[in-house]
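These notes concern the structure reproduced below.
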Amino acid sequence: MKSSPKSLKMRDNLLDGTFVVIDLEATGFDVEKSEVIDLAAVRVEGGIITEKFSTLVYPGYFIPERIKKLTGITNAMLVGQPTIEEVLPEFLEFVGDNIVVGHFVEQDIKFINKYTKQYRGKKFRNPSLCTLKLARKVFPGLKKYSLKEIAENFGFETNGVHRALKDATLTAEIFIKILEELWFKYGIGDYYSLKRLEKGKF
């Protein structure tokens with residue numbers, strides 16, 4: 001039986017293949033009560049970032065002060081920006097059927113799921129990998145595993161963190177480091193092996 005394109009991607013060494021890293025900022029952490037205000041994705045092909053998607057999103061109401069301080073995003077910046085309903089089709093087209101990577105990716109996917117169910121009537125079903133879980137397994141000696149702390153450990157520039165495009169770019173760079181470490185030490189780099197490692201079964 002012929003394999004589907006998606007199953008082939010999932011068996012590829014991701015250092016040679018294609019994946020998309022996503023990140024978002026929202027008005028809060030409760031998915032049902034919060035809305036996305038900053039959405040980004042970067043496509044990685046053969047270990048190189050080849051394309052980027054980024055947009056601010058108008059949430060429909062004023063954002064909390066703590067979110068302004070965290071992200072640097074203000075209400076004035078969001079006025080006149082597209083709504084999530086307007087940007088969702090372009091975002092989903094950019095992501096395609098690729099493997100999705102994120103730092104604490106489960107939270108991002110919960111938000112995307114909320115919107116795909118609301119506006120598309122279906123769940124977001126792309127396979128996913130979490131750099132937070134993988135970094136804990138691959139680099140066990142780090143003191144902290146926030147995106148900023150991991151990035152600084154590798155000498156990456158972290159000015160502008162907590163903006164979606166910056167965070168997605170840093171996550172991509174960290175994931176490439178994880179893939180390189182796993183490939184050179186253990187000869188693994190496919191989705192299924194990484195998923196087992198996430199779950200502590202490697």
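One-based numbering along the chain as shown.
Glycine too: its Cβ is placed from the backbone N, Cα and C atoms.
What Swiss-Prot records for the substrate site is Asp23, Glu25, and among Asp97, Asp167 the residue it adds there is Asp167. Counting every protein chain shown, the number of other Cβ atoms lying within 10 Å of the Cβ of Asp167 (substrate binding site) is 27. DSSP gives Asp23 (divalent metal cation 2 binding site) a strand state. With every protein chain in view, the residue among the binding-site residues Asp23, Glu25 whose Cβ has the most Cβ partners within 10 Å turns out to be Asp23.
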